[in-house]
Structures are given as C-alpha cells and as structure tokens.
C-alpha cells in the first residue's frame with residue numbers, strides 16, 4: 001500500500017524542492033524501500049516540449065518518450081526508478097483530458113467544475129503515477145499562494161483525507177533568510193508561509209528550512225512552536241558545495257527515521273556509502289581539464305541541466321575536476337575561435353533554430369582541424385556533418401533544411417522530407433512516431449566494431465534517448481562516407497545515422513541521441529567518461 005509525501009514550497013521559488021525531494025527519496029531507497037516520484041506543474045502548457053529554454057530550462061525526455069520537467073532528471077539521478085509519462089503532468093494536460101471526456105459525453109451532461117472534476121483527475125493521476133511503490137513523493141510546482149497551484153493543493157488536501165494520516169504527509173520547503181546586519185536568521189516568512197497553507201486546510205508534517213546559513217536550534221524551536229510541527233521534523237538545509245551531499249545532510253538530522261516511523265514502515269537502516277564515494281570523488285579530484293561548451297542558450301544554464309550534470313559525473317568517474325567554459329555560439333560568430341583556445345576539448349550540445357548555428361559549425365571546424373577532442377550531441381552531430389560537407393568535400397552550400405530549405409546539398413533534413421534520386425519527396429514511416437515529426441524516447445543503436453564510440457560503451461547495441469526532427473540525409477550519405485566521414489552508429493533497422501566520427505582524429509564523436517539523460521552520479525556514463533579521458537590525454541599531450 002503506497003504512502004504519499006506531498007512536497008510544496010513557500011516564500012519564494014527556486015528553493016530546490018526537486019533536489020530536496022530526490023535526496024529524501026534516495027535515503028528511503030537506500031533503506032530498501034521501493035520509491036517513485038511525481039512532478040505536478042501548474043502551468044497551462046500541455047507539456048514543456050514547445051516552451052522556450054530561456055523560460056523553462058531543459059526539457060527532460062523519459063525512456064518512453066515523454067517531454068517533461070527538468071526535475072525528473074534530478075529524480076533519475078538520485079534514485080534508480082526510471083521515470084515515465086505518468087510521473088509528470090500539467091494543468092494543461094489535466095484540462096485537456098477533462099474537456100475531451102466532456103466532449104465525448106462521459107460526464108452525462110454534468111456541469112464541469114474545478115471541484116470535483118479537475119481535482120478528481122489530479123488525484124487519479126497521482127495514484128496511477130505512484131503505482132505499486134512503497135513511497136511516492138509528489139512535488140507540487142510553484143509556490144504556495146500562486147493562483148495556478150490552487151487545484152493541485154485542493155486535490156492533495158482531499159487525497160490526504162481519503163488515504164488517512166498513516167499514509168500521507170506534507171513536506172514544506174521554505175526560506176529562512178539570514179540578515180547579515182542583524183547576525184541572525186528570520187523565521188517570520190516561514191510562519192506566514194505555513195499560515196497560508198493552513199488557511200486552505202493543509203498542515204505541514206515536515207519543514208525543510210532553506211538558508212545560506214545553518215538554522216540553529218533556537219530558531220527551529222521557534223518555527224516548530226508557531227507552525228504546529230514537531231521540532232525533530234524542522235530540518236535545516238543550508239547551501240552545500242555539491243548537491244550530492246544533501247542525502248547525508250537530511251539523514252544526519254533523522255528525516256528518514258521520522259518518515260519511516262510516521263508511516264509505520266519496516267525496513268533496514270540507510271546505507272549511504274555510495275553517496276559518500278560520490279562526494280569524495282567530487283570534492284577530491286586528482287586531475288583537472290577545461291572543456292569549452294558552445295551553446296545558444298547560455299543565458300539560462302538550466303537549459304543544459306542534464307548535460308552539465310553529466311559532465312560532472314564524468315569528472316567523478318575520472319577523479320577529474322571538469323571546468324566548463326560556457327561560450328555563446330553567436331560570440332564565436334562575432335569574435336572568432338580565440339574563445340576556444342586553451343580548451344582541452346569542445347562540446348556542442350543540441351538546440352533548435354538558425355540563431356547561432358554558424359558559430360557552432362565554426363567550433364566543429366576548429367576541433368577537427370586542430371585535433372581537439374570533440375563531442376557533439378543532437379544538433380552537435382548535425383553541424384558536424386554540415387562542417388564536413390562544406391570544408392572537406394567542398395560543398396559550400398551544404399546545410400540542414402531546418403536552416404536553408406533551398407540548400408543545394410541538404411545533408412540534414414526533416415525525417416519526413418527525404419528526396420529520392422529523381423527529386424521526389426519520400427515520406428518515411430517515422431512520421432507516425434510519438435510526437436509527430438519529433439523522434440522521442442529510447443531507441444536502440446548498433447555500434448560499429450573498432451569505433452571510438454564502441455570503445456566507450458563496450459557493446460554492439462546500446463539504448464539511448466532521442467529528441468529531434470532532423471537526421472542525416474541518406475541520399476547524400478554514400479558521398480559523405482566516401483570522402484571519409486565515419487558512420488559508427490545506426491538505428492536498429494540501419495536506416496538512420498546515429499553516430500559519426502572523424503578519421504585521423506584522436507577523439508571526434510558526434511551522436512544524434514542525448515546520452516546526458518541517462519547519466520547518474522553513481523554510475524556516470526561511458527560516452528562522457530570517454531570524452532573526459534580524451535580531454536585529459538589532450539591536456540597531457542600539450
């Protein structure tokens with residue numbers, strides 16, 4: 001029988017509900033419990049798939065092809081459970097489903113209202129997403145008091161009553177600011193945040209007090225007194241130098257013991273030795289490299305959250321401090337390749353649209369010609385093919401149809417718009433995949449023996465997650481291969497190019513998939529680990 005921990009946030013946004021929730025989940029998992037996590041987003045978009053990276057940050061793709069909130073990436077990095085489309089839903093998705101049922105007549109002519117129809121659908125999805133887990137942590141996006149969050153808060157209020165206090169609890173994250181001039185932390189914002197919760201029928205069972213200073217015992221006692229929360233359940237969570245310390249911080253204050261006792265669960269003690277090893281490797285590196293990351297969303301690094309974390313994981317695996325030099329690809333267009341000088345390797349991640357693409361192509365050329373280790377991901381592979389066609393084959397008009405529909409050499413094109421030898425457009429079956437023209441979710445990939453990518457994975461067949469509309473044009477592929485482009489990975493049916501490499505280069509790998517979505521701090525990822533090793537070799541050679 002599943003127990004539920006509902007997680008809310010107060011005072012301000014960006015307190016780290018996802019990290020705190022995932023850290024608690026990691027401790028409970030370390031005690032032998034089956035744990036899952038859900039993220040409920042109050043915005044009206046159906047999913048984040050079409051949202052601007054500058055506003056929303058990264059779109060995290062699940063194994064089954066759902067485009068979800070970046071917090072699901074945190075969940076998968078902290079616990080072993082694989083997230084699915086059932087682990088994330090939005091207001092837009094809820095209303096879409098309810099309205100579809102209304103149009104079908106499923107409500108038998110009833111007046112459709114927020115209560116009970118919207119709240120019932122929210123509760124149904126929470127229960128479905130929890131599945132057969134021992135404990136499900138359910139994070140409500142936004143901040144208590146936001147008008148968008150009200151149906152979700154009402155739904156969890158109802159669900160707490162329905163399942164009973166032995167199966168549901170509320171964990172509230174709140175800001176406890178430190179006033180430097182007074183030399184003390186202030187508890188009043190937390191008191192008011194809890195008051196707001198209680199006004200809608202929600203009494204927190206646990207308070208996570210976020211601060212840049214430790215919240216001392218006297219402050220915690222005061223908070224407990226004014227909020228009706230047990231003193232042992234008022235947890236201090238100050239800023240740390242690595243988020244992978246947080247499971248240990250929460251465990252040291254007995255949060256998991258409180259949860260287990262409250263739910264009456266019989267389980268083992270927590271073994272956090274894996275996390276201790278991660279923290280030790282992170283904070284005590286033996287080597288150091290600098291990697292230039294050339295992207296187009298550098299104003300909001302959350303747009304590359306999983307990728308940045310994956311590079312950190314590769315550093316942990318190699319006992320190496322990885323310094324990422326963030327470079328806007330438009331700056332390369334304006335200032336040239338001097339921005340890349342001194343980097344031990346170059347990383348070009350994915351993206352959509354024309355802006356900044358020429359800067360990425362220039363970065364690829366610099367890496368190829370100067371024998372600097374290169375890793376391209378998604379668009380990073382496509383620009384590698386374009387650069388090869390332009391500068392090795394001499395096809396100066398080579399491009400992707402995403403950027404130039406009239407290119408004389410469209411080496412990259414929409415999955416549905418291949419032209420055959422006569423110029424007629426060929427429609428591919430992939431058009432019916434989830435997401436229409438978007439290829440989403442886990443796909444098998446066959447690796448060529450003896451290739452760099454095969455050396456990294458040590459396997460003939462791998463499974464990685466995709467999120468793209470464009471692919472290498474198979475009609476021009478034979479000429480590209482004849483000129484020296486190495487195709488080292490193909491889709492399971494052999495029809496699509498998944499990985500390319502460069503001959504006579506120490507380490508040049510570009511993949512169409514997104515390996516960052518499956519990297520974790522405890523296991524790392526073979527491709528990123530190999531990339532950092534190549535960067536180390538480059539640095540030592542210099």
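Glycine is treated like the rest: Cβ placed from N, Cα and C.
Taken straight from Swiss-Prot:
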- 1-265: region 'Amidoligase domain' (REGION)
- 13, 186, 187, 188, 189, 190, 191, 222: UTP binding site (BINDING)
- 13, 146, 147, 148, 186, 187, 188, 189, 190, 191, 222: CTP binding site (BINDING)
- 14, 15, 16, 17, 18, 19, 71: ATP binding site (BINDING)
- 71, 139: Mg(2+) binding site (BINDING)
- 290-541: domain 'Glutamine amidotransferase type-1' (DOMAIN)
- 351, 379, 380, 381, 382, 402, 469: L-glutamine binding site (BINDING)
- 378: active site, nucleophile (ACT_SITE)
- 514: active site (ACT_SITE)
- 516: active site (ACT_SITE)
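Locations of recorded Swiss-Prot features on the structure.
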{"residue": "13", "record": "UTP binding site", "Cβ neighbours (10 Å)": "12"}
{"residue": "18", "record": "ATP binding site", "Cβ neighbours (10 Å)": "24"}
{"residue": "19", "record": "ATP binding site", "Cβ neighbours (10 Å)": "20"}
{"residue": "71", "record": "ATP binding site", "Cβ neighbours (10 Å)": "27"}
{"residue": "147", "record": "CTP binding site", "Cβ neighbours (10 Å)": "8"}
{"residue": "188", "record": "UTP binding site", "Cβ neighbours (10 Å)": "13"}
{"residue": "189", "record": "UTP binding site", "Cβ neighbours (10 Å)": "15"}
{"residue": "190", "record": "UTP binding site", "Cβ neighbours (10 Å)": "30"}
{"residue": "378", "record": "active site, nucleophile", "Cβ neighbours (10 Å)": "22"}
{"residue": "402", "record": "L-glutamine binding site", "Cβ neighbours (10 Å)": "18"}
Quiz item: By a simple count, how many Cβ atoms lie within 10 Å of the Cβ of residue 186 (UTP binding site), its own Cβ left out?
Solution: 15
Exercise. Work out the three-state DSSP category of residue 139 (Mg(2+) binding site).
Key: strand
Quiz prompt | In sequence order, the binding-site residues (17, 18, 147, 351, 380, 469) whose C-alpha falls within 10 A of residue 139 (Mg(2+) binding site) | solution = 17, 18
Quiz item: Counting other CB atoms within 10 A of each CB, which of the binding-site residues 16, 351, 380 comes out lowest?
Solution: 16
Quiz item: To what whole number does the mean pLDDT across the domain 'Glutamine amidotransferase type-1' (290-541) round?
Solution: 92
Quiz item: Relative to the Cβ position of residue 139 (Mg(2+) binding site), how many further Cβ atoms are located within 10 Å?
Solution: 27
Quiz item: Which residue, of the recorded positions 17, 469, 514, has its CB surrounded by the fewest other CB atoms within 10 A?
Solution: 469
Quiz item: Taking DSSP three-state, what's residue 13 (UTP binding site) in: helix, strand or coil?
Solution: coil
Practice problem: May I have the list of same-chain residues other than 14, 15, 16, 17, 18, 19, 71 whose Cβ is within 8 Å of the Cβ centroid of the recorded ATP site, in sequence order? | Solution: 9, 20, 21, 74, 139, 173
Quiz item: DSSP three-state call for residue 514 (active site): helix, strand or coil?
Solution: coil
Practice problem: Please tell me which one of the binding-site residues listed here (19, 71, 190) sits closest to residue 381 (L-glutamine binding site), measuring Cα to Cα? | Solution: 71
